[in-house]
């Protein structure tokens, strides 16, 4: 729930001001991950070794507040130039300790700032570690679990058995004592110009930039043979020495820059050449050379880490002419759904091929059950497509919230196929559910929007939804692309079913026209803004539908809750008389989603019950629906498409409505309170 960014310039002269600007810009790209406090750690001296110390600047509030605070530091000369320097930065979303400067990161080992660390994740055994360290005389100043890590590395250093112990060895010994999830980056006055980063269960990648030739495209992974099992024996092992053949560097020991980040969006403006770290990797940079090592060797370990090229451009993560990322992403949906289908759906032959699944297709077709697992919006995408998946695959389909799935210890078998849906590919509960299913030998399929994410790497196969970067905390275009990806899976599974060919052609024809129909829906933006003017002072809002559009109600209500802070509830129209009808009166705003599909007559029945109780329904309906409009307070008429795809068109007005409501209520659309984009802790 936090954003990590760090920058090393090796033999690349940079002023302190330029270093600040790089760090702040990196944090701004990551602000969607958390924004209740932020901080940086840089060299505080004026490039004289004898004055070496680390300067911490931390501020409660967003990254802009930190940026302003940096330039108030009279003790720091912004013009001083560093040929080699390592700076770390962090934007926080609180999990341990209230938002405050003292609880924000970087956390320090002592008042002399000998070691500082930035952290994303949760350390579950921090209380035991803190108790041990306090017994050794270490004093704590914050309420965070992260401070325990900073104090622990100081303890290891203070009790080192030799003066020439390496920075990476210290970190290796520390992480063997940590339980939970973490991505960590360390800086120390004892190791100037060096960086160490590591991860377990939380994303971390490293970008590399140099105008000179790099020594390798594959960084070999180094191993230690001995393990540390007890914190009391933490200072009794050493790591083998490195040489240039085991490291990544610029040939000739020339200039190179390294960028460490939780997310590629913070790196892409600097370089598209990145290394994705795996769980328990320890990456160290010293003298401009990057090495990677691990404590244990497993049979399944990849012997190296490849430099990968990101297929992302800076303009994709900028707002452009829109006032908010969420608004931009809503209006990108004609392109994002087209990109999801591009190269996969052949509209001439009515065939669908998902390249990431083709090697496992026979195994998937032999399964006895599909389990689709997600959280929040990703769960709603599963609900939206459950019916069409059951129809096309002729298999039972279970749709599960990841946290509940784990709480119940749900039975999973080897002949199950389990789908894991996550925009970021790092959602903690979904990732834990994936590992639960892998332990039970089920085939696992990832549906993500992030190449190199934990879910995309750990699943047996997968589908990249290709929606492009999504920065706004409230998911919009990822939902519609997840929706289409699951429909495409159903179409691929049913390709040889003769009885389903007419239905398949109907759905594929609907997919072809979808981008243009979405543009038509987006043209209703002004009308939806006018509706928001009537509703923004309300305290509650009901969204009602059934069949294919029940998921639309859940997702629309979630969007309204997320960014407007209005109470909103998605209601299955079939359950109206089992409780929700008691809420209906002339004061309660009700949005009803009624489309020309098999549930149309039943939805009409629910509509009449609402109007009979003096309700004033706002109806999302098909253009040719004259019947629903007779009972409507207001209507928003939408283009018609095949029933199983109608939910893509009907959810967009609710996305727009939530956006306009939030703006009218004076809230920050992209950064709703108490929420973060990537939920990487349970």
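Heads up, the Cβ atoms here are built off N, Cα and C, so glycines get one too.
The active site, for GATase activity annotation in Swiss-Prot covers 2 and rests on similarity to another entry. Under the heading substrate binding site, Swiss-Prot lists 377, 378, 422, 423, 424, 427, 578, citing similarity to another entry as support. Summarising the annotation, Swiss-Prot assigns domain 'Glutamine amidotransferase type-2' to 2-288. Sequence annotations record features per position, and here Swiss-Prot assigns domain 'SIS 1' to 360-499 based on sequence analysis. Marked as domain 'SIS 2' by Swiss-Prot on the basis of sequence analysis: 531-672. What Swiss-Prot lists as phosphoserine is 244, and the listing cites similarity to another entry.
Recorded features from Swiss-Prot, shown on the structure.
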residue : record                           : Cβ neighbours (10 Å)
2       : active site, for GATase activity : 30
377     : substrate binding site           : 21
378     : substrate binding site           : 27
422     : substrate binding site           : 32
423     : substrate binding site           : 27
424     : substrate binding site           : 25
427     : substrate binding site           : 29
578     : substrate binding site           : 9
Substrate binding residues 377, 378, 422, 423, 424, 427, 578: largest Cα-Cα distance, in Å and rounded to whole number: 37
DSSP three-state assignment (helix, strand or coil) for residue 378 (substrate binding site): helix
Model confidence for the domain 'SIS 2' (531-672), as mean pLDDT, reads 93
Under a three-state reduction of DSSP output, how is residue 422 (substrate binding site) classified: helix, strand, or coil? strand
Quick note, residue 423 (substrate binding site) and residue 2 (active site, for GATase activity): C-alpha atoms separated, nearest Å, by 16
Using DSSP, break the domain 'SIS 2' (531-672) down into helix, strand and coil residues and give each count. 72 helix, 30 strand, 40 coil
Separation of alpha carbons, the residue listed as 'active site, for GATase activity' and residue 377 (substrate binding site) (Å): 20
